[in-house]
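Structure first, commentary second.
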Amino acid sequence: MELAERFLLDALAYLECALGILAFVLVSRVGSPYGRYVSQRSAWQLAAPTAWVVQELPSLVVPLFVCTGMVAERLRLWPNRILLAMFLVHYVQRCLIFPFLIRGGKPTPLYLCAIAFMFCTYNGYLQSRYFSQYAVYADDWVTDPRFLIGFVLWLIGMLINIHSDHILRNLRQPGETGYKIPRGGLFEYVSAANYFGEVVEWCGYGLASWSVQGWAFALFTFCVLLSRAQQHHQWYLEKFEDYPKFRKTIIPFLF
């Protein structure tokens, strides 16, 4: 039974990689009907804060159920505890803090919220079940360079993401409408500084975990956010004649 589930977790990880690549192709070709790109004629929409809570909640609830409702033998070990905590800390911020800071966000189509809900359920099970039951690390893994560098990247990426979201929230003064060019932080170098932070965060997580499951989530995140970043970058160039031409899309100085 355990061998079958371990095989399933590996298969789900490889499937997540494929889904990420598929999402990149689809969004790159047809765009993402999300945020500023949502049609006002779209039916069945949720307010942005509600959508964020609903779609991200499985990434908290599923791991908590997995770790409390089932035997979680590997969580007796510090590497497994820390890696799962890294995953949960992100979603505490994304699910319970970020939505309540949103100022006038665009409604989210219900079907997109449902897709995100299903993915968070899928990935929440994949990450939590693997680290709580199957991931095996040496006792000194927390001092391994891969873990240390990965943890630092995860922390830096999360801080970049939070700071960039703060910049975006404060672009407009109370009562102002319309869009503005983001200034400050890594927005001086890329159009999607918030996405860059999240990519760094999950790549750090993948490195620290040194697992197919961790790297699969990092790849999925990169594929989805890269396609959205390209859409944002093109929109900024078309919207603002004075948009800084030296800014890259998502990776400073490179792309």
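Backbone N, Cα and C define each Cβ position, glycine as well.
Since the structure is predicted, the reported quantities are computational estimates derived from the model, not experimental observations.
Per TrEMBL, these features apply:
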type	residues	note
TRANSMEM	12-31	transmembrane segment
TRANSMEM	51-71	transmembrane segment
TRANSMEM	83-102	transmembrane segment
DOMAIN	107-255	domain '3-oxo-5-alpha-steroid 4-dehydrogenase C-terminal'
TRANSMEM	108-126	transmembrane segment
TRANSMEM	147-164	transmembrane segment
TRANSMEM	207-226	transmembrane segment
*Name the range, of those listed as 12-31, 51-71, 83-102, 147-164, 207-226, that has the largest tally of Cβ pairs under 8 Å with the transmembrane segment (108-126).*
51-71
*Residues in the domain '3-oxo-5-alpha-steroid 4-dehydrogenase C-terminal' (107-255) grouped by DSSP into helix, strand and remaining coil*: 102 helix, 4 strand, 43 coil
_Six or more residues beyond either end and a Cβ under 8 Å away: which residues meet both conditions relative to the transmembrane segment (51-71)?_
84, 87-88, 91-92, 94-96, 98-99, 102, 107-108, 112-114, 116-117, 120-121, 123-125, 127-129, 132-133
